Amino acid sequence: MQQPGRRWFFGFIGVCLCYILLSGIGILINPGGTINERLENAQWVASSRSWIDRQLCRWFELCGTYHMLNRNGWTWSEDNGDMPGQLPKFAPFWESGEEDPDSWSDQERSLREIPDYVFQHAPYVHLFSGEQYWPSDVAEHLTHMSPRLNYTLIPGMGDDRNLTNLNDLDDIIDGKHGRFVYLQSDDNVEEQPDWLTSRHNIPIRPQPRKSVDEASPWPGGDDSSGDDGEVLLRSDASATSMHRHSASTVDLSPSQDGRCGGNSGSTCNGSKFGHCCSIMGWCGRSDLYCDTFCDPLHGECADLLHPPPAYPKPDLRRRSIEEQEPSPQKVQPTFGRSKAPAILMVVDKGNGTVDAFWFFFYSFNLGQQVFNIRFGNHVGDWEHTLIRFVHGKPTSVFFSEHDFGAAYTWHTVEKYLPNPDGSGTMLGSLSNATIAAVAKRPVVYSALGSHAMYATSGLHPYILPWGLLHDQTDRGPLWDPLQNLKSFIYDPATHTSKSSTLNPLAPTDWLDYAGHWGDKYYPLGDPRQYRFAGQYHYVNGPTGPVFKRLGRTDVCQNKGFCNVRRWLGREQGNTREMKKGHKARPADGEEDEEAGLLGGNSTDDAV
């Protein structure tokens, strides 16, 4: 009798042989692509020095197999003994605009002003806790790039690109207005240079809350103790499933062992352990149970916006009268600030409709893995979230997640409100209904490596079955774009950008650059490159913000039908998953990336 291991082995070999046979027949029958694409592919294959590699690629679409197996060849030293040149200071790039704000007329100044409601409803971004490639400054990115026409260095424009003259590359002969122009990294990205990982741009974390009484630890062991900020991060799965109006505590029994919430079926009302249920699943009476992390489904919760005298914060008692009533400037939090600025593009569509595009740039996109093989890496990564306003009120939100992105009604998405105690923690509208009516800023989740943007945390499968290809998000470091942003006004009729009154000296020429913000996909002769089933290890860098259809009529990025969802969670016909989602509920007083690349969103988008 054949052992199971052998059966699996021979089954795997059989699948591989079928793939090789079918691939070869398919290539012979239908080469695919235009004449220019087939010519470029032939040149790409010919770049390999290995005859065997070229034939395997042409016949069976197994390109660069040795490269994939020999990962030691991905890093090398290109040091020729010369000292590296002095890199320009990139901070002045952001004030290098040539306009004179004093010459603006009142009408011009009015056109450049961004409405207050755009900032009142600005998003918060949860970066992934295990992220390797953090937010980047586009100005710093340029100092490490050299422009190329396809793979050829453009003479005379090697190391002086900045935010003022970047668009000069659009006029390069044979560049086809940027189509064949790429910004190539001066460093080997596989060696993880500091500017690529951008760890220096990790948002500032909130300080631990000093009002917690350490003498009263959480019940249940060491895992449930710690500062409130860490508790909030660990409570992701529980917090997103709670809503005060989703159930009634009348049908629940008082807790007999101190446990509450979840599938315990117990409420803290009438329990000897306390009347408040924490989202960590324990009854109690102190702030840790009754305020920030209180589960309104399984106990009583304090009014966080108007805390009663019975729950004074020790740190507030120690403050002076002047400190208890500080001016707005003094209480402006610094947590969530990244040194990398977010890019805000505001587009007035007329008839009272205004779109606020929040763009986030990363110097590197880490592709996805399928069967431990990584596809879709690329230098440069632009992601965005769009918030649409009608007559000053937000109506919908678009997230640049994989598989063409997703749009939701405004009331569907989770929103945050900074904790009034000044601790730096956040109150979420999905975990505490008492603040749902006043929380104004939506929450966005940035996926590990790809930075695709989602409305929820967790796993997000796309394209391939069985979850083989998926993004992952969680409540990692919180990025507050309002702490550091550059804002612009965009006119879709004339395709022109203008700096806003908040940063009048910020240049806009770089927004007109039509080329790619990263390397052209590496040739087969490059030891870092391989291709299987049409998917490359390294793909082209993306185009910039103005090529993300800023003039779109619907809130969705792709053309055609736009499905604006009213549920959080996947809705592709899976009734079970839809039931797990969060139903949108209006607050009181209110009315109701292209999927062609496995490792990233679309890198080329039309205006």
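Positions of Cβ are set from backbone N, Cα and C atoms, glycine also.
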Original post:
TrEMBL annotation: Cys290 disulfide-bonded to which of Cys268, Cys276, Cys277?
Top reply: Cys276
Subject >> Overall pLDDT for the domain 'Chitin-binding type-1' (257-303), taken as the rounded mean >> reply: 80
**OP:** Fewest other Cβ atoms within 10 Å: which of the disulfide-bonded residues Cys276, Cys290 wins that one? Let me know.
**Re:** Cys290
